[in-house]
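To start, the structure under review is shown below, and the notes come after it.
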Amino acid sequence: MKENIATFSRWIIVLIGVPAAMFLGKTFLVTFFVSIVLAMVFSPVMDWLMDKGLGKGWAVMVSTLILILFFAGMAGLLYFQMSLMSEDLPRMEQKAMDIFDKAQSFVNQKFGVTPKEQTEKVSQVASRMGTYAAAFFGSFTSTITNFILMFVYFVLLLSHRTEIEKFIVRSVDPDKKQKAHKLIYEARDTASMYVWGMLKDISALAVVYAIGFLIGGIKYSILLAVIAALFSFLPYIGNIIGGGLAAILAMLSGDPSSFLIVVGVMTLAQIIENYALSPFLVGNAVGLNPMFSIVSIIVFGAVWGIGGAIIALPLTGIIRVAFKLSPHTQPMVDLMGEDS
């Protein structure tokens with residue numbers, strides 16, 4: 001009885017203490033854990049480079065260069081596509097105002113809320129959204145600093161991964177060392193398979209979106225396809241956010257039919273993704289059941305913002321792998337997984 005109470009007490013402390021520590025240390029922890037996931041993703045790349053004859057230092061440098069080129073390529077593509085849209089911005093703003101005016105008139109007629117009252121309410125909501133956005137994204141300087149720190153941590157983690165693995169193995173009981181070594185590689189494969197699978201899935205989704213938008217005659221098809229696909233990195237809610245944004249931009253740059261075309265294309269693409277692309281390219285790489293997948297995204301997103309939501313699934317998958325080391329946490333492995 002006393003042992004059960006002690007175990008229950010430990011779990012209560014963990015469930016309260018861990019989120020509190022995550023929140024208090026989020027400035028450092030978000031960037032650091034993103035770097036950990038990326039380092040795990042690039043560990044197989046580094047192994048391949050070293051097998052080809054590159055030294056450890058060169059392998060780290062090439063892996064870092066690949067990551068930099070990826071981010072630079074994505075930023076360049078978005079900047080180029082958005083520069084094409086910049087000429088249409090004044091017309092899109094005017095169209096947005098016209099739609100807003102019509103919506104105000106409709107609300108006034110149906111619900112008796114005057115345009116002035118509506119404007120005040122919208123201003124209040126916009127003010128709150130601005131406050132949340134500022135807290136969510138932080139200052140530009142802070143974002144750039146964290147981005148640079150992410151690369152610094154990434155390089156250090158790859159450079160010292162052997163020492164880190166040895167430390168973990170030496171920290172466990174002698175009879176668990178072999179299992180710990182095996183679980184380290186399982187955790188690495190979990191993160192790697194998920195992220196690479198998601199990148200392939202997003203790329204395929206962007207191509208499907210772009211083809212559909214081009215056939216439908218949507219302006220800025222490539223930009224809208226990339227924006228909609230990128231949001232897929234946020235599981236479950238990402239497709240709704242990305243699809244809504246793409247549909248609104250399509251309507252502002254075209255006509256109301258563009259909105260319906262985008263929604264139709266994305267609905268069809270989601271069916272293709274859910275039943276063909278995602279199972280083949282991603283599968284259940286993290287080994288989590290839907291309940292824990294959703295809970296992890298909500299918890300990490302609430303505590304760490306968008307960065308936490310993005311790495312929630314691979315990080316929770318890694319935690320599940322770590323739980324396999326002890327018989328005391330094995331029930332959590334079964335609870336979090338697909339089969340119990």
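Quick reminder: no glycine exception, Cβ is built from N, Cα and C everywhere.
TrEMBL lists transmembrane segment for one of the ranges 183-201, 259-277, namely 259-277. Within the chain, the transmembrane segment (233-252) has long-range Cβ neighbours (under 8 A, six or more residues past its boundaries) at 92, 95-96, 198, 202, 209, 213, 218-220, 224-225, 227, 258-259, 261-263, 266, 270, 293-294, 297, 306, 309-310, 312-313. Proximity of distant same-chain residues to the transmembrane segment (259-277), defined by a Cβ-Cβ separation under 8 Å and at least 6 residues beyond the stretch ends, is recorded for 201, 204-205, 208-209, 212-213, 216-218, 224, 228, 239, 243, 246-248, 250-251. Residues 77-78, 81-82, 84-85, 88, 233, 242, 245-246, 249-250, 253-254, 258, 261-262, 264-266, 268-269, 272-273, 277, 281 of the same chain lie 6+ residues outside the transmembrane segment (202-227) yet bring a C-beta within less than 8 angstroms of a C-beta in it.
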